[in-house]
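Database features, via TrEMBL:
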type	residues	note
TRANSMEM	51-71	transmembrane segment
TRANSMEM	77-100	transmembrane segment
TRANSMEM	120-138	transmembrane segment
TRANSMEM	150-167	transmembrane segment
TRANSMEM	188-211	transmembrane segment
TRANSMEM	231-251	transmembrane segment
TRANSMEM	291-311	transmembrane segment
TRANSMEM	323-340	transmembrane segment
TRANSMEM	352-373	transmembrane segment
TRANSMEM	379-403	transmembrane segment
TRANSMEM	453-472	transmembrane segment
REGION	481-517	region 'Disordered'
COMPBIAS	486-495	compositional bias 'Polar residues'
COMPBIAS	496-507	compositional bias 'Basic and acidic residues'
Amino acid sequence: MPTNNQTDQKKGDDQKRAIQLNQLPALPGDEGKMSDSLKWFAFMSYGVGHVLNDLVASMWFTYALVFYHYVMQLSSINAGAVVLVGQLTDAVATAVIGVLSDKTNIYCTDRYGRRKTWHLFGSVLVFISLPFAFSPPILPQAETSELNTALYYCFFIVFFQIGWASIENSHMALASDLTPIRDERTALLSIRYSFTVFSNILVYVVTWIVLRSNNASKTQFGPSERKEFQIVILVIMIVGAMTTIIFHIGVREPLTNNRVNRELLMTETEAERAANSFWSMFKHITLYQTAVVYMCSRITVNMTLVFLPMYLQDYLKLEAEKLALLPLIMFLSSFCMSLLNKPMNMKLGRKYTYSFGVVLSLGSALWCYLGSGNTFAKYQVYAVTIIIGIACSVVLVTSQALTTDLIGDKTHRGAFTFGLMSFTDKVCNGAVVMTVQSLHCETCPNYYRDIMCYNWTIPSILAFIAVISLPFGGRPTLTVPEVPETHSSSGNQHPDQSKKQPIEKGQEALPSYAVNS
């Protein structure tokens, strides 16, 4: 058991090493990177870097079951199995790519940036495979049986999920690399979520327009809507290509991160190397608490996208037009809320902000359970979708911000950390979809209503328990720890260097227990 003196000495050594590394000269080409302040264009460029993934995710989670079950006429179990294969592939790929993104240093990644290289790799895979995943099979043999059709789609889904995981993991980890300041990371995640909402709105608007222009708005989804899905995919590809180009031009990944990590590896002791390894993370309970919060938040958001169309079509018996209009309204409310996420996190802290989202989720579940009849289907359902849109915005952004707090200054394992978080949520999302579809009761009119209520209550309660027990995430403070006095050999140290430096509001240092975990 280390003594208090040993612990204090270890903290002092860590702080002195951080000061030394921060004083390293910048590499050529590092000028203008986001470090102390975020440039407006780079800020917006980072936000659009995930638009392709957001467009694909909106299509995948909202319309995958609708497309495979109602349009391609797969059974409930086979349609759920196709989605499960995609989620499991995404989970494994996210974890593996997280390790590779943190550990692999080759010439192209060292010069262009590790995160951006993986982002480019994933984008290429998505562009190649996505059109085949939401179009009628190009091989006649694929439609000879239902099993062949399912296997055909699984083949392309595996590739596009690998690409999707590569984009998400590298983009999330890049937020920690671009700035060490907590509230700037929150701002990055907020602008990212704003574009996520914009992407979802775009998908629903395009779907709504396509359905109305092809006289499909007054009917429910069926095999005749194959062409409409191809048109929506074409729009996704065009917009995704434009935003991906903007991201790679506007964001310049700090190349000094690679050099700093190598300096750390050369100077740290064996004990420090073991403490900074990937496997040391599993010794801290905060990792599991944060994983529960992240996983439950993702389940709430993603399963809402998956089962809301099923709920509207099977339970409320609404026409196809409403299956695009109501999710659109939900994400419009999410967009409005995304503008308030940063000030709420700054003023209230992570825990109070997340608790606010939990209350909204539980209120939506209660309203959905008690609501019935023609009045609810025509009017009240709009209010429910607005409230759940606000709740989804709050819990998702705050859970991502808590993950960046967990990473702290350990950016050399940032992608691995996000990979672990994504692994848990992808596996659970796939398991939930498969379970719900395999237990689907054709004679139970309230089946999808109950599923929506369970989706908004069970994950919210579990996440609330986990988030209130975290040792960080409370209201931000304006205090910073004193840096131990360092004595130079020349004795020319300025007397003010050992004093506590004031900081401005909104630039608080991350708590030490988040960094050390």
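Here, residue 1 is simply the first one shown, and the rest follow in order.
Cβ coordinates are placed from backbone N, Cα and C, and glycine is handled just like the others.
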When counting Cβ pairs under 8 Å to the transmembrane segment (352-373), the leader among 77-100, 291-311, 323-340, 453-472:
453-472
Excluding the flanking five residues on each side, which residues at least 6 beyond the ends of the transmembrane segment (77-100) place their CB within less than 8 Å of a CB in that stretch?
60, 64-65, 68-69, 118, 146-147, 150, 153-154, 157-158, 161-162, 164-166, 168-170, 173, 278, 306, 415-420, 422-424, 426-427, 429-431, 433-434, 436-438
What stretch of 120-138, 150-167, 188-211 shows the most Cβ pairs under 8 Å to the transmembrane segment (231-251)?
120-138
May I ask whether the transmembrane segment (188-211) has at least three C-beta pairs under 8 Å with the transmembrane segment (150-167), counting pairs 6 or more apart in sequence?
no
Which of 51-71, 120-138, 323-340, 379-403, 453-472 contacts the transmembrane segment (291-311) most, counting Cβ pairs under 8 Å:
453-472
Using a Cβ-Cβ cut-off of under 8 Å, list the residues of the same chain that are 6+ residues beyond the ends of the transmembrane segment (379-403) and lie near it.
172, 185-186, 189-190, 193, 197, 290, 293-294, 297-298, 300-301, 304, 308, 312, 316, 326-327, 329-338, 341, 344-345, 350, 353-354, 356-358, 360-361, 363-364, 367-368, 371, 417-418, 421, 456, 460, 463, 467, 470, 472-473
